[in-house]
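Below is one structure, written out as structure tokens; the observations come after it.
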Amino acid sequence: MESYLNSNFDVKAKHSSEEVLEKWRNLCSVVKNPKRRFRFTANLSKRYEAAAMRRTNQEKLRIAVLVSKAAFQFISGVSPSDYKVPEEVKAAGFDICADELGSIVEGHDVKKLKFHGGVDGLSGKLKACPNAGLSTGEPEQLSKRQELFGINKFAESELRSFWVFVWEALQDMTLMILGVCAFVSLIVGIATEGWPQGSHDGLGIVASILLVVFVTATSDYRQSLQFRDLDKEKKKITVQVTRNGFRQKMSIYDLLPGDVVHLAIGDQVPADGLFLSGFSVVIDESSLTGESEPVMVTAQNPFLLSGTKVQDGSCKMLVTTVGMRTQWGKLMATLSEGGDDETPLQVKLNGVATIIGKIGLSFAIVTFAVLVQGMFMRKLSLGPHWWWSGDDALELLEYFAIAVTIVVVAVPEGLPLAVTLSLAFAMKKMMNDKALVRHLAACETMGSATTICSDKTGTLTTNHMTVVKSCICMNVQDVASKSSSLQSDIPEAALKLLLQLIFNNTGGEVVVNERGKTEILGTPTETAILELGLSLGGKFQEERQSNKVIKVEPFNSTKKRMGVVIELPEGGRIRAHTKGASEIVLAACDKVINSSGEVVPLDDESIKFLNVTIDEFANEALRTLCLAYMDIESGFSADEGIPEKGFTCIGIVGIKDPVRPGVRESVELCRRAGIMVRMVTGDNINTAKAIARECGILTDDGIAIEGPVFREKNQEEMLELIPKIQVMARSSPMDKHTLVKQLRTTFDEVVAVTGDGTNDAPALHEADIGLAMGIAGTEVAKEIADVIILDDNFSTIVTVAKWGRSVYINIQKFVQFQLTVNVVALIVNFSSACLTGSAPLTAVQLLWVNMIMDTLGALALATEPPNNELMKRMPVGRRGNFITNAMWRNILGQAVYQFIIIWILQAKGKSMFGLVGSDSTLVLNTLIFNCFVFCQVFNEVSSREMEEIDVFKGILDNYVFVVVIGATVFFQIIIIEFLGTFASTTPLTIVQWFFSIFVGFLGMPIAAGLKKIPV
């Protein structure tokens, strides 16, 4: 079976082609209810539609750019636009309508933009200020703005009501056939036996169908609500906005035309808009148009489209068009209907259901044929003249109903749906544990993870950074909480240079918030440096206003430094500042400021002193940054790059980023669970090693290597080196990508990778599970990731792994349980039909059994919470079989036991219990049915553990399991004792009840004994 499944029902956890997804669906030939079976599979037609939309967008944008360029050449000769403001827009106080705004940005219409007075003109017409943003003082004006220009939300499919799920559950082909059987049974029964005696069989089937439908619909409806809640969490995106004169964080769904949005590397453009100011802005439009070539956005080409990504630079943007008025809104509405890819387990279990369904269908046909043949043989024995009565018709109908119900029981439609149920349950619980699963498959894949490649900053450490040591002007000092002593020790000219560098060469900002308090905005590293500047007496706004910024090169993981070129107020001199990785920036310096504040050549002795200082700081687990400047003598153009060499070193700062509490224990837990943790960081190797030792990642037999050294290795050297690598420092994004790819392809590892920046995208994409940071992560990283770690904590990653293992094992438990029921129900009814000419389990009884094993069984077993024992096992890995030898052992062992018990009852039951009289067969069949159900109840308990003997451990922690077992027993008593007329049962004696329970219970020690058999 496994080889057939691997060749036909094997999909990747990520990036499966549409052809592969189509293939397995076409192989699912025995499907009772396609609407329900394929509800949680991707809608491929909607994906094709979205791809076509991207191609259309690409062509429209290409034409718009060409037209815009042509128009720009003749713009001075064109007469003013005859655009007229609609009356309702004018009455609301605005001078431009939403359609006109949309046509300007979407059409890249430079001509129209010019006619409306450029970006400043449009800002005025929208009653907004480029500096202060929107004013929302008047609620009426705000609601008018929303009414005229729309809100920044995309069209979503309506929440389906409970009755829709009831209707879908009724689409089950076998239930429909049984419904027809029930209807015919009612007609024939009433015609022959009268009302109400003749209606019992038919009404029994109808009641069973309705019960199955409502229980199924309730389960599906609850799942849909869980997925809806998770979907809302996925869409929570915030941006930095200036509104009412204050910079603040705001949900993208609250944005309105006229808002001023601040964008930086890794952000997603939240609406259509226009560039106000900024530097080196490069936009990736591939998500909208499919075009891979990045676009430079400047004052000359100011158009920013919703859904595109900031690849480089930073800027302020004026929002012009929102929501469904943008091309991104229309694309997202289509894509949301495309759905998630199916998970590998869902597809594999669809394969299992198909195989067993075909077997079950064959058994059902043969069973029906044998039962009908038996009936004909009885007729023949009565003589050549046949007489067909209403009872004969009812008997034939009952045979057909039994055959159909065998298909109901034999086609384990619940297998793939149990995966969805388990994943929905796990994802909901993981949200409480600060992990947001974006793709279903990631949850189950994480259970197989063998390696975690983790960032250092913010994941293993707290990301609360402070400068604790410095070496300014060759003078090493501890930085106290109040830096007055440091300030007095720095020469005045050097202090001025230092503050100029800190406040101009930064991606952060110091603002006054709505409460009138000073607030630092930016990354933790930027915040630490800005705090140092403020403590040294610097004033952010004064410094920024006194210099004119000419060029900014933001920090990225490849260069490992950032730079700025400014024009000084005195004499228009040009100065460049840079800061970044100490070794890299120091290598770009040829001069240094000494303790007297003089600029002197950087000789060997000074270089040695500074390198020793860097190593000392790093060995104390401090992140080190080197700060440097240079005066540019000749003229400098914004089109030029910032010089690479010739800088003067001002100093080095050591930033403390403490290790998170509990990380060492989590790393040790991973090691015991067979998961190798590797640190991949851009930091200095000594800093990385110190932190790695503190976390327990770097062991005596492990290797710490620098990225530049790693990338020089050939394939043969890598094969020997990679298994031992525990720390990679000074790594570039491509080093990370190479390591992940080698681990996956060469060493067959299942790799989870953390990332927070735009440059982590290749590694996140390549990994089996991409983990993005919720706090420090950029929108680009979050969008490409499979799981978002909301608290940026490594311990949460371990929790995700635990939940992943729990999902995988829970599904295995359910599959083991359901296949046991399938095998026994099939063989019992088939063999009984062949040997005795009758079936001991009726259609109504089989429907009840089907509900026990399908919906209720999935609820009980697929929602088991994880326990600590899960992290003491080795991971399944990439090549592990889903249906293991241990599972087959348990399935076949239990099936044989149950089959023997039922056959003993069929053969010797009447004599064992002294059953005589006309109702002896009914009592015996009721006893067989009762024993069969209790075998399933106790087997469900035994299935809680596939290898362990103690199946009661933690049973009370899973209240769903307890409720399901209790409800099953309760309704079984009701069916036997009170619903005999409809279920073809009769009340049992106390001895017969105890016997049924004992037979079921006896399956537990047998299950325990089976677990002792090695496989």
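A Cβ is built for glycine as well, from the same backbone N, Cα and C atoms used for every other residue.
These figures come from a predicted structure and were not determined experimentally.
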From the ranges 20-31, 200-211, 800-811, pick the one that Swiss-Prot records as region 'Interaction with calmodulin'.
20-31
Please verify against Swiss-Prot: do T836 and V916 share a side of the membrane?
yes
Could you tally the C-beta atoms, other than its own, that fall within 10 angstroms of the C-beta of D455 (active site, 4-aspartylphosphate intermediate)?
25
State the residues, same chain only, that lie 6 or more residues beyond the ends of the topological domain 'Lumenal' (831-841) and have a CB under 8 A from a CB inside it; answer 'none' if no residue qualifies.
366-367, 370-371, 374-375, 377-378, 399, 402, 825, 849, 902-903, 906, 924-925, 928-929, 932
In the topological domain 'Lumenal' (980-989), how many residues does DSSP assign to helix, to strand and to coil?
4 helix, 0 strand, 6 coil
Could you tell me how many residues in the topological domain 'Lumenal' (831-841) are helical, how many are strand and how many are coil under DSSP?
6 helix, 0 strand, 5 coil
